Each structure stands twice: as structure tokens, then as C-alpha cells.
């Protein structure tokens with residue numbers, strides 16, 4: 001940990017705060033003006049509102065693009081011979097996109113590709129992964145979607161040589177199983193260790209208004225670990241929780257409990273959305289969800305909160321009852337259908353306020369605000385550049401609420417807390433000379 005180089009900015013002037021000009025997309029004004037302009041902010045809004053069949057499972061465009069390249073090499077039986085030349089070409093495209101994200105060749109080939117805030121060493125990442133799993137020696141099983149996802153994660157981790165100032169996490173399926181509370185001492189130890197070197201935030205869709213106790217309950221075991229290891233050195237001050245995507249901010253005090261941060265300390269970094277617009281988004285969503293329940297005969301209910309609305313099963317499935325009926329479960333494809341219907345209606349009503357309609361796997365939620373806005377608030381509050389911020393999450397498809405963070409942060413796409421631990425272990429040991437990235441395949 002001693003060698004993890006974390007740089008901070010002494011003055012707010014060190015980071016330009018973007019244009020003061022107001023436009024319909026000003027909630028995406030970023031901390032370094034030279035990376036994102038108004039057209040790119042508009043592009044984020046358009047992709048946040050995109051709806052198509054292609055957003056279904058494992059349809060990430062960049063990963064599928066690489067899968068097809070590797071698969072063509074595999075089919076032609078020349079992956080072992082030609083892989084270096086192919087990786088060099090891919091890396092050149094990545095570098096071109098890093099310098100010119102709006103007009104790169106990669107952008108023309110993959111129109112929804114995110115922004116690269118670091119140069120991705122895909123060649124080194126592939127060979128690291130191949131050294132352990134020997135992809136190039138396989139005869140009948142071509143590289144898969146998840147393998148390419150892991151390789152891109154490795155490339156992103158290997159690009160962090162300058163260190164990080166802010167590490168953010170999704171909650172469910174990233175830090176703990178969906179619907180559960182945090183309960184992993186090893187993961188807590190990794191987060192605690194990194195907290196001594198950087199700011200860490202959990203950016204979650206969970207919306208309990210400003211009720212710090214409810215967030216405290218979900219994270220109780222993590223905060224207990226902080227009470228033993230992060231109070232004396234004051235590193236507990238580096239921990240944040242952003243609830244409701246971007247609507248409620250909490251910090252940790254010296255008793256390792258959460259408290260609500262006064263709005264006057266951070267609300268000016270957030271786009272103002274008036275009450276009528278909030279209600280319009282929720283009303284449109286509620287009408288769509290009522291129609292979905294009727295059309296598909298769902299055993300589900302609508303839950304409406306201050307700035308969010310959700311479709312949840314009437315009963316959560318039990319893992320212990322084998323013969324229990326499962327007809328109350330909502331099919332993944334039905335949730336996707338509902339997300340697309342809601343986005344379509346919001347677009348028709350020409351609403352430009354930040355929002356997020358996402359498929360949670362077992363339920364669906366629509367929030368006023370989104371994780372991109374949540375990350376941008378933290379970046380501005382802490383005066384941190386986007387290339388020094390990394391978000392770890394499991395919902396990076398177009399219908400997932402982590403997707404917008406690709407336009408304002410580095411990202412690592414995990415599928416479970418075990419993969420999160422592997423990523424953190426690699427980040428902790430990144431600048432050690434004998435460092436070998438932790439490679440964790442999905443089924444291990």
C-alpha cells in the first residue's frame with residue numbers, strides 16, 4: 001500500500017470547472033473542460049434515453065466488437081500466431097479514441113462507446129489473462145463475452161499507474177448480493193485499507209430520503225470495521241454514501257455512523273429540477289408500470305417515493321423453500337420491456353432533467369437523477385479529475401444504472417462481490433514491482 005501514489009489538488013483553481021454558460025444539459029458540466037463539451041453532454045442524455053432491443057443481456061457494443069475480432073481469429077485457427085498484430089491495431093484505435101473521443105475510428109465503428117480517460121494497455125492485459133487461462137491454446141471454445149469483460153477490466157486497472165483520488169461502488173451485486181446487507185469482512189478490509197489513501201463512496205439507487213439510519217443498517221458491518229481501523233488516523237472522513245443515485249449525500253463521523261451532509265454544501269453542484277418536473281417523470285412512469293402489470297398479468301406492486309418509483313414483486317423468492325411457486329417472479333425481458341416503454345414516454349414528453357430507468361434483475365426503478373450526476377457531484381465537491389475517479393458496478397448495459405458513469409469516470413464492470421474483491425486486490429498492489437493482477441473468472 002505504501003507505493004500507491006495518490007495525488008490531490010491543493011487549490012480549486014487547479015481544476016477548471018467548465019463553462020459557466022447554461023444549456024439544457026448543464027448538469028453534465030464536468031471538472032476538466034477540455035474533455036467534454038456541450039455536444040458530448042448532449043450525447044450522454046441521448047444514450048441515457050436510448051431504447052432498443054440491443055440493450056438486452058450481454059449486448060455491450062465494445063465487448064461484442066472485441067469478441068467478434070477474437071472469434072474470427074479463433075475460427076481461422078490463427079489466434080496464437082496473429083494475436084499480437086491484432087492487439088496492436090486495437091490498442092492504436094483505443095489511443096486514437098483517448099485523444100479524439102468524438103471523431104475517432106472507434107467512435108464511428110461503435111457509436112455508443114464511452115469515453116476513455118486513460119490509455120488502455122489491452123495488449124498487456126490480454127497476455128496477463130492468457131498466461132493464466134491460455135485462451136490461445138483452446139481448440140473448440142472461442143473467447144467469451146465475460147472473458148473479454150475481464151480483459152478490459154485488467155486493462156483499466158493497469159492504466160492506473162498515477163493512482164486514484166476517488167473510488168466509487170454500486171451496492172447490490174457489487175458489494176453484497178441483491179437485497180442483502182454488507183457482510184464480507186475481507187471486502188471490508190480492502191475498502192478500509194484503500195480508504196487511508198483515497199476518497200471512497202458508495203453510489204446506490206437505494207432511496208430512503210435523508211434517513212441515515214436505513215443506509216447505516218445496510219452498511220453496518222462495513223462501518224463497524226471502520227470503527228476499528230479508520231477512526232484513529234481520521235481516514236473515516238474520506239467515506240461517502242450517495243443515495244437515490246444523486247439525491248442524498250451522507251458522510252461518516254468519528255463514531256463510524258452516517259449523517260446527512262447539509263444540502264448547502266453540495267446541492268449547487270446538482271442540476272435544479274423543479275417539483276412539477278419530478279412529478280411529471282413519476283406520473284409518466286407510474287402510468288407505464290400500471291399498463292405493464294395489466295398487460296403481463298404480473299404479481300407485482302408499484303412503490304412510489306419522493307424522487308423514485310419502482311415495480312417490485314409482491315413476494316421476494318426464498319432460497320430455502322424448494323417447492324415454492326415462482327410465478328411472482330418478473331421475467332428479465334418483461335423488466336426490459338417496461339424500461340423501454342418508460343424511456344420512450346419520457347422522450348415523447350421532451351423532459352431533459354437527469355433521470356434513470358433501470359432493470360435491477362428482480363425489480364425495476366425510475367429515479368430522478370442518475371449515477372453520472374452522482375459521480376459528478378462528488379468530483380466537483382472533492383475537486384477530483386475524471387481520470388482519477390473509478391466506478392465499480394455490475395449494471396453497465398444500456399438498461400443498467402451504472403451505464404451513464406462511462407461518460408464521466410473510469411469504470412470496472414463486475415458481476416459479483418468476488419470480482420469486486422479481485423479488482424480491489426489488484427488496485428492495492430498496483431505499484432509493487434512484483435505485481436500480478438488478480439484474475440478472477442466468473443465461476444470461481
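Note that Cβ sites are derived from N, Cα and C of the backbone, with glycine treated the same way.
Bear in mind that the values here come from a model prediction, so they are computed numbers and not experimental data.
According to Swiss-Prot, the ATP binding site annotation covers 132, 150, on the basis of experimental evidence. Swiss-Prot lists 170 with the feature active site, nucleophile, giving a curator's inference as the kind of evidence. Taken from Swiss-Prot, the feature Mg(2+) binding site applies to 170, 172, 394. As annotated by Swiss-Prot, IMP binding site applies to 170, 172, 178, 204, 207, 308, 363, 371, with the evidence given as experimental evidence. Taken from Swiss-Prot, the feature active site, proton donor applies to 172, supported by a curator's inference.
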**Complete:** By a 10 Å Cβ neighbour count, the lowest-scoring of the binding-site residues 132, 371 is 132
**Prompt:** Just going by other Cβ atoms within 10 Å, which of the recorded positions 170, 172, 178, 363 has the emptiest spot?
**Reply:** 178
**Item:** Coarse DSSP state, helix versus strand versus coil, of residue 308 (IMP binding site)
**Value:** strand
**Fill in**
Cβ contacts within 10 Å for residue 308 (IMP binding site), all chains included, total 25
**Message:** Using a 10 Å cut-off on CB atoms, tell me which of the binding-site residues 204, 207 is the least crowded.
**Reply:** 207
**Item:** Protein Cβ atoms within 10 Å of residue 394 (Mg(2+) binding site), excluding its own
**Value:** 24
**Request:** Tell me the Cβ neighbour count for residue 150 (ATP binding site), meaning other Cβ atoms within 10 Å of its Cβ, over all protein chains shown.
**Result:** 25
**Complete:** The correct three-state DSSP answer for residue 132 (ATP binding site) is helix
